[in-house]
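For reference, the structure discussed in these notes is given below.
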Amino acid sequence: MTNKERASLAVAALKKEYPDSICSLTYHDPLQLLISTRLAAQCTDLRVNMVTPKLFSDFPDVCAFADADISAVEEDIRTCGLYKTKARDIIAMCQMLRDEFGGKVPDTLEELTRLPGIGRKTANLVLGDIFHKPAVVVDTHCIRLTRRLGFHNLKDPYKIEMILKDALDPKESNDFCHRLVLHGRAVCDARKPKCEQCCMKEFCETYLENEKNS
DNA sequence: ATCCCGAGGG
DNA sequence: CCCTCTGGAT
């Protein structure tokens with residue numbers, strides 16, 4: 001099976017299983033999505049959603065974050081883990097947004113990845129969700145699921161992004177990645193995947209391989 | 001002990 | 001390529 005065929009099967013199966021591909025982070029503007037996604041590193045989005053109401057109430061805009069006392073930001077986000085680097089990144093990012101981007105979140109991959117703490121994963125998520133551009137968001141779920149399905153046998157997120165970009169219809173890629181996350185949490189989790197209830201088992205390489213050996 | 005919608009640095 | 005940052009959940 002080619003990756004294009006695999007992609008087409010996976011897109012259809014996930015679309016049926018998860019009709020609305022919603023972003024599970026709660027946000028009300030581009031800055032909040034940018035910050036919430038940064039906070040989601042090594043942390044569940046559920047926990048991010050627990051801290052952001054107070055965080056965005058304490059610091060309502062770019063300037064409030066840019067002028068923030070770092071220890072106050074650290075305190076708000078502490079339970080998300082990696083809180084020192086995240087707090088430093090968020091403040092530095094907002095200072096750059098204020099000083100170089102007119103206070104607005106930019107809409108290109110090049111500009112977004114210049115921001116402190118924003119890598120390809122977060123940048124692509126913002127491009128897709130805020131600016132509705134074709135984007136392949138390669139996070140821990142995307143890496144794990146596309147590998148199990150048989151798209152690749154890689155670890156490098158950039159290489160995986162290129163392979164998926166090549167295999168996917170650009171109009172579908174953003175929703176596809178969101179649905180991979182939903183499926184990764186609900187069924188194809190890292191520790192104990194529930195293969196018997198998976199909507200993609202009939203063409204999943206890992207499942208088929210395990211069946212053959214049992 | 002291992003993983004959670006990562007990013008940066010060596 | 002590797003390592004580090006980090007609390008919370010299982």
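The backbone N, Cα and C atoms fix where each Cβ goes, and this holds for glycine too.
What TrEMBL says about this one:
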- A:39-186: domain 'HhH-GPD' (DOMAIN)
- A:CYS188, A:CYS195, A:CYS198, A:CYS204: [4Fe-4S] cluster binding site (BINDING)
Just to confirm my parser: what is the rounded mean pLDDT across the domain 'HhH-GPD' (A:39-186)?
96
Kindly report the helix/strand/coil residue split of the domain 'HhH-GPD' (A:39-186) according to DSSP, in that order.
103 helix, 0 strand, 45 coil
[4Fe-4S] cluster site, defined by A:CYS188, A:CYS195, A:CYS198, A:CYS204: further same-chain residues with Cβ within 8 Å of the Cβ centre:
A:ARG148, A:VAL187, A:PRO193, A:LYS194, A:MET200, A:LYS201, A:THR206, A:TYR207
Taking the Cβ of A:CYS198 ([4Fe-4S] cluster binding site) as the centre, how many other Cβ atoms fall within a 10 Å radius?
18
Packing count at A:CYS188 ([4Fe-4S] cluster binding site) (other Cβ atoms within 10 Å of its Cβ):
24
Fewest other C-beta atoms within 10 angstroms of its own C-beta: which of the binding-site residues A:CYS195, A:CYS204 fits that?
A:CYS195
